């Protein structure tokens, strides 16, 4: 795994990234460095891509039970460009606005990508959180029903985006915990 | 904790049009795309995801929530049904050719550039799309440019000036962020141990800020003037002073007794510095600042965490969707929602009576012990001249503070609580009761016995006592971290491996911080340098606890609502602790007689007498009549406070009624949502039935219609990029990416 061509980021690019994302200068430069170390040799950083596996194995994401969903949501055509990585770090940064976090959280939790978090999604979320396979079926269903009874407002057995958003706005812990600190910056 | 610096607000409706549906209900025909309806549709509601991004125009409000969502249920009724494929979020609807893209651009153009940047940043789109959006908006803006240039050039100057200002503000805030104390360490702790443990360290940092502020104020207004007229210290310095606070330190700026009661004059100028007033007002200013800071923090956390009628639902949703918790014991969660009969509740409650009696009894016993020891201590000290003997009382108090909370934790093993949250709260209540009673007993002893005992310079004595208490507490905390936790880790790893590593007991540690801070606030009057000592203590404790955490502890396994607990901690800091301090100081200042030989208030009948005298002197001077008027009619007058209280009560009552009304409103709106959902289901079923009927009636013409539809659809959908099915969507995505 060689290194990308070591081009310094242009000042205008840095300014643009600062304007378009929630990251600070230092964070962008940190991510730039790490990206350069990981991407294939001989390519300009703006054209290089990382595979989903490479991004999943980063220390920040390695322990996250939802890393495959995160990679799926933020990548395009199953690869990560530098800007995809920046976009991901921006959503998970501290300064990101709550609406953005909720939007992407919804996409991450929507396993079957039908635009709603339904019972199947909820059960898969719980299984991921528990990280074990010997969970009884009825406990999963019970939990899914509990979540839906709390948050499902129009009684259609699914959480639409508005319902999810409503539930998350009620819990301030969500904003604080939906953060990933990338690359030790 | 929500990022909330929105100033401008425009309501923009950006519709994510699901594939196959037309956003404008202009033609109310039902398109023949009903044939694409999938059979399992009864379960799914074709709710369109309509996002409206709300940006508020109004310069007064700075804190505002971002989004308001509304679902355009009614629009979907008059349209065809879409395939349940939710459109890819990054798709077509966002290109600048689409209608909603146009709407977004139109809303972005009139904004100031700062708000435009913020609005674009908040869009959930890829960087490429945001960049395009920015270019398009800039292009549109420059098209309108020629008109805008007619604006006076000073407006442009202002604009560039504000840009420069913004940039400098950004760089300054970045600089502040990097130099903010312990920023990086806190992030590491938060990442490794979760936000609950992080809340302890944030709380510590917040208390440190209080102390730094108090120290700076005290130092500038009390210590420095005093040092200018300081008398020589004739006592000897031995090393023991650091522990006892007596001896050499007695005649330094550390204690009340050293301060002069004169009016310090600088040379022959007319500048006079009245030490008495300075003393009172400085301490008062510190406390008032702490009061307002506490009040505002408490209000902010309260607003986010408690005052929301539905918040009382404990919420499994938060556990599932938040990343702070590793959900290990699911059965705990299920139990939250079971309801009990009255009899069951009663039996459950009665099982708890015994442990409560035991714990309260222990607390009272400790208080009595402390009181008698304090009394005995003074006689003991008269007979034994050993200077180290004064440490006996602080030693005992620290031992009580060390041992009894752990006994309380062990009680927890005996009594069973269903919810771990209740356990935590009960433990918290017992510990706070213990600590506050001990402080209360000590204050009673100091103010009633020591102050009236006729000793020379009793204020300094109290100051020394508090100093010793604080120091002993600090030493015990250090010993606990270095020895206790270390030993526990060795035991957990080598000897009884089933115990494992321990978890950070947040409640106990936070209560120790609150206890120490209460002592500092009380002692600030008698020992103005106490915030400085507390500063050093907190600084050291941060690093010690941090290292101990990393070495000896494991991350917490139980769910712990960090933000709710922070609210409870601040509430505890405010309510028993700070108000107790205010009461104590009020009693001191109004009721007690200062000692006759030392301190700024020597010889006066009471501390507050200095203020009375000052007002009297002011009333003699012509230029200061307004101060006298304020004092007599606003501060000293009962009527004023009576009317003020009445007004506050009326306002509180009105707000309470408004809150009740809003709760009812929320309930009604919830019912309305449910009803609309039912309507939707009903109409969908009807739609399916109609389609089935048509299908059965005209099977042959269907194929022709289909082809017509496929030609019609692109025409109708024209500018909209909505793709009726995957095939269209994919091709459009390719087009989009080429752009």
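Each residue, glycine too, has its Cβ placed from N, Cα and C.
Unlike curated records, TrEMBL annotations are generated automatically.
Taken from TrEMBL, the feature region 'Disordered' applies to B:37-61 (among others).
Residues or ranges marked as region 'Disordered' by TrEMBL: B:74-97 (among others).
Summarising the annotation, TrEMBL assigns transmembrane segment to B:206-228 (among others).
Here TrEMBL flags B:277-296 (among others) as transmembrane segment. Cβ atoms under 8 Å from those of the transmembrane segment (B:277-296) belong to residues 210, 213-214, 217-218, 221-222, 225, 259, 521, 524-525, 528, 531, 570, 573-574, 578, 581-582, 585, 589, 600-601, 607-608, 610-611, 614 of the same chain, restricted to positions at least 6 beyond its ends.
What TrEMBL lists as transmembrane segment is B:356-374 (among others).
Within its own chain, the transmembrane segment (B:386-404) has Cβ neighbours under 8 Å at 240, 243-244, 246-247, 362-363, 366, 369-370, 373-374, 377, 380, 434-435, 438, 442, 464-465, 468-469, 471-473, 475-476, 480, 512, 515, counting only residues six or more beyond its boundaries. Residues annotated as transmembrane segment in TrEMBL: B:386-404 (among others).
Outside the transmembrane segment (B:424-447) by six or more residues, the chain places 359-360, 362-364, 366-367, 370-371, 374-375, 397, 400-401, 404-405, 408-409, 412, 417, 462, 465, 469, 507-508, 511, 514-515, 518-519, 522, 560, 565, 568, 572, 576-577, 580, 584, 587-588, 592 with a CB less than 8 A from a CB of the stretch. The transmembrane segment feature in TrEMBL is assigned to B:424-447 (among others).
Taken through DSSP, the domain 'TMC' (B:457-563) splits into 81 helix, 4 strand, 22 coil. Among the features that TrEMBL reports, domain 'TMC' is placed at B:457-563.
Under 8 Å from some Cβ of the transmembrane segment (B:518-544) lie the Cβ atoms of residues 182, 201, 204-205, 207-208, 210-212, 214-215, 218-219, 222-223, 253-256, 279, 282-283, 286-287, 290, 439, 443, 459-460, 462-464, 466-467, 469-471, 473-474, 477-478, 481-482, 577-578, 580-581, 584-585, 588, all in the same chain and six or more residues away from its ends. The transmembrane segment feature in TrEMBL is assigned to B:518-544 (among others).
As annotated by TrEMBL, transmembrane segment applies to B:564-587 (among others). Within the chain carrying the transmembrane segment (B:564-587), a Cβ under 8 angstroms from the stretch's Cβ atoms is held by residues 196, 199, 202-203, 283, 287, 290-291, 294-295, 297-298, 301-302, 305-306, 424-425, 428, 432, 436, 439-440, 443, 447, 506-507, 510-511, 514, 517-518, 521-522, 525, all 6 or more beyond its ends.
If you look up TrEMBL, you'll see B:635-656 (among others) marked as transmembrane segment. Distant neighbours of the transmembrane segment (B:635-656): none; no residue of the same chain at least 6 beyond its ends has a Cβ under 8 Å from one of its Cβ atoms.
Below 8 angstroms of C-beta separation, residues 392-393, 396-397, 400, 404, 407-408, 411, 430, 433-434, 437-438, 440-442, 444-445, 449 of the same chain, each at least six residues beyond the ends of the transmembrane segment (B:356-374), sit close to that stretch. Looking only at the domain 'TMC' (B:457-563), the predicted model's pLDDT averages out at 87.
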